[in-house]
Amino acid sequence: MNWKQLTKSKPLLIGSSLIALLMLMMLISLFYTPYGPNDMNSGIRLSHPQLSHLFGTDNFGRDIFSRIMKGSQTAFLIGLSSVLIGLSLGVLIGAISGYFGGWLDEVIMRLMDALLAFPGILLAIMLVSVFGPGLNNTIIALGIMSIPSFSRIARSGFMQYKEFDFVKAAIAKGAGPLRVIWYHILPNIASSLIVATSLRFSGSILAEAGLSYLGLGVQPPDPSWGRMLNEAQPFMINAPWYVLITGVIITIMVLGFNLLGDGLRDLYDRKS
Amino acid sequence: MRFYIRKLITFISTLVLVSVITFLVFQVLPGDPAQIILGVDADPQQIAALHEAMGLDRSAGERYLMWIKDTLSGDFGTSVRYHRPVADLLLERLPVTLSLALFSLGLTLIIGLPLGIYIARRDGKLSSLLLSLFTQLGVSVPSFWLAFILILLFSVTFKLFPTYGYTSWSTNPLGAIRSLFLPSLALAIPGFAVVIRYLRNTLLDQSRMDYVRTARSKGLHEKGIMYHHILRNGLIPVITIVGLLIADTLGGSIVVENVFALPGIGNLLVSSIGARDLPLVQTMVLYIAVIVVSINFIVDMLYKVIDPRIRLKR
């Protein structure tokens, strides 16, 4: 694919711009936020958006813009690490299942079906209720939650490619399963895995927002957008901008990764 | 017949696995459940007695079988927090969650299907742009935040619906509908997006089929082709998304019930986690998962009944 193709796809263009924007915000927040994200100022509680406080202040007089900036670190951290957990374990499981097949495949796929039976954030809720809330447990829970979708994609890819002549030739030449899986098949299913990574990223962000809103995810003082929505809800009527802005930011991030994933899928589909 | 038997075996094995997963997750729980129930200053004899009563002195395998036996006979155990049978608590909460799920599913289908059909028929540039904008936004917005927006719009500004709380069907049916409308809508809007997207794709696929070309060359008008040919075939796959939507709705209602303080299963689930009432949490998690697996099974069966062409994928 060339640059022209990339810029012609509107979803791809919009999605990656949105993500780039948020990433820029995240990078800046590592070094600079207008105010300390946890600095309280009782004199300016719940003030309107204004020049000195772009997104207004919360019920403790903390600057919402600074907190949103800081929260983007948590969002990217959780999205990236949970997707990496899901991707690596999912591909491993899917590769074993699809490459070796047989009863092992049957057992693994039943297990993945069983994991998918816990709808939405229920699986994450169950894990967090046992292991306790917090940043690390949220990442692990969301990572486990995304294993089934990756393993299914990997499995069908491996099942399809292991019948191809070039794979059979490699096996005939004496390549072991690891070599075949890693060098011969994986590069061929990389594109569908990349698409899934982008879509799961947005799934993780949404799930984290829900978990943290319920008080089961990220705990203070770690900043989190979902947690901010929880804190904003009682002041929804007096300070609607707090709820509005925080939700819009979450939506932008989820939308960005959804558009990126869809755009990439269209691109790969057209190519093949 | 082989289809049904195979699906039944899959259904049962998935149920068993779901219960094993649920059981195992709650096994690795740190701390002694008997200690948690009795408090820190319980004497060792009491704890030992409760261990025996709860079966904690036996192996994990035995306990799993005991738990399954009890669950199948309708004995879900006793809530640590409420000191009441879990089954009773669930039965109290179930009507709320069920009404919410059915209400929002109804909204999704009643509004989503006609809208999807209407939109699928237009091919204009602007309308397809608006459509993709709406469907992309619909699947990207957190449904509980959508609930906030609906409250701000319809409850605070227009004062049409209550901001939170639940009126039961028996005391005031109209009040029940009013209290369920906004939560259902919050859950249904992402559903619209899913339905419309799906319908558009299947209808477009169908309209490229040979039988459509044949119908067209026979001189049938477009509307007739749409309603008599394309829709008939295009609506069959929609059953699949109904299963998907029910799972999504149940998952989403966990959070949305908490936004509106609706006394449903999701609300009980979250407050039980806060109170460390884990027997209750364990049962509810299993309960919801079993509902989802069963619905998917029913959908699979229905699918086959409606369209006998469907075969096992092998």
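Note that Cβ sites are derived from N, Cα and C of the backbone, with glycine treated the same way.
Listed in TrEMBL for this protein:
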type: DOMAIN; residues: B:94-299; note: domain 'ABC transmembrane type-1'
type: TRANSMEM; residues: B:7-29; note: transmembrane segment
type: TRANSMEM; residues: B:98-119; note: transmembrane segment
type: TRANSMEM; residues: B:131-156; note: transmembrane segment
type: TRANSMEM; residues: B:176-199; note: transmembrane segment
type: TRANSMEM; residues: B:235-256; note: transmembrane segment
type: TRANSMEM; residues: B:284-306; note: transmembrane segment
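Panel annotation: around the transmembrane segment (B:235-256), residues 97, 100-101, 104-105, 108-109, 113, 143-144, 147, 183, 186-187, 190-191, 194-195, 198-199, 202, 262, 264-266, 269-270, 288, 291-292, 295-296, 298-299, 302-303, 306-307 of the same chain, lying at least six beyond its termini, place a Cβ under 8 Å from a Cβ of the stretch. Contact between the transmembrane segment (B:284-306) and the transmembrane segment (B:7-29) holds: at least three of their C-beta pairs are under 8 Å, each pair 6 or more apart in sequence. Within the chain carrying the transmembrane segment (B:176-199), a Cβ under 8 angstroms from the stretch's Cβ atoms is held by residues 99-100, 103-105, 107-109, 111-113, 115-117, 119-120, 131, 134-139, 141, 143-144, 146-147, 150-151, 154-155, 161-162, 165-169, 234, 237-238, 241, 244-245, 248-249, 252-253, 256-257, 259-260, 262, all 6 or more beyond its ends. Long-range neighbours of the transmembrane segment (B:98-119) within the same chain, counting only residues 6 or more positions beyond its ends whose Cβ lies under 8 Å from a Cβ of the stretch, are 127, 131, 169, 176-177, 180-181, 183-185, 187-188, 191-192, 194-196, 198-200, 203, 226, 231, 238, 242, 245-246, 249-250, 253, 256-257, 262, 264.
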